[in-house]
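So that you can see what the record holds, here are the features copied from TrEMBL:
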- Arg22, His29, Tyr128, Arg207: heme b binding site (BINDING)
- 254-271: transmembrane segment (TRANSMEM)
Amino acid sequence: MATATEDKDNSEPDMVYTKELRAATKDVHKLSDVLVNAKFAFALSDDSVWADGLLSFYEIYKFLENNLNEDLLPKELHRTKEFEKDFHYFLGEDWRDTYEIRPAVQKYLEHLEEVNKKSKILLFAYAYQMYMALMSGGQLLQKKRMMARKLWPNKQENIQEQIESEKPTNPDDLTTRPMPLQVPICPDGCAATYFPEKISDLKAKLRTILSKHYGNFDEKTKTDFIEESRNVFIYNSDVVRSVKGVNRANMRKLAIVVMFFVSIYFAIKLVRQ
């Protein structure tokens, strides 16, 4: 008779490879997270910054969806149409008329082309990280944005509590990390991060694909797969740096905060006189 521990191990065989891959990318992942948090400290509620952030990664998701079959990238994960729906909302139906691929994205695409010529499974390394990011950090960023923009009717008071509850107590232990609560509604401009299917099921599908292949890698393929998994965060960081309007939005938000505290200071001073 199997023990409870054995049952858990049998129900989550993919976590072995997930944890191994996460450990191998931990340092570059952390640096990428620090960059995103610093870059978007006050700018998430700015529609132009959010739209440009989506625009900067649009080509990457489109490339993956155009070059990986459903065995490696299930159709229900595809985001190209959802990105374009958001662009129509933020930038208008003629958004393509002025759209140009920025240098950081072009460099990224050229690398993806090289990887694609070598191996589809190495290209999957990018899909795994990019879609996991959209279903984890993407949900958290969207919730913060919705809170700032008051886009979550009747739930506003609970969002910050949810965000706090989703902070991992031990980021290195995937089995105890809280699952970011799925964004359950899709107001205008939120399509790219909205999944009608359960995110836990979609993540399980990706992990199953990873487990199926990763466990059969020879040492060279495993080394190459880990290298490309690390490259995801390096190239992503370059793209994040290219997002426009962040400094302007951050300075505007900072000015509002400063004015708020200045007004409190003078109000207190007047009361004491």
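Even glycines carry a Cβ here, placed using N, Cα and C.
Counted over all residue pairs in Arg22, His29, Tyr128, Arg207, the record's binders of heme b, the longest Cα to Cα distance measures 18 angstrom.
Sequence-distant contacts (6 or more apart, same chain, Cβ under 8 Å) of His29 (heme b binding site) comprise Arg22, Phe233. Of the listed binding-site residues, namely Arg22, Tyr128, Arg207, the sparsest CB environment within 10 A is found at Arg22.
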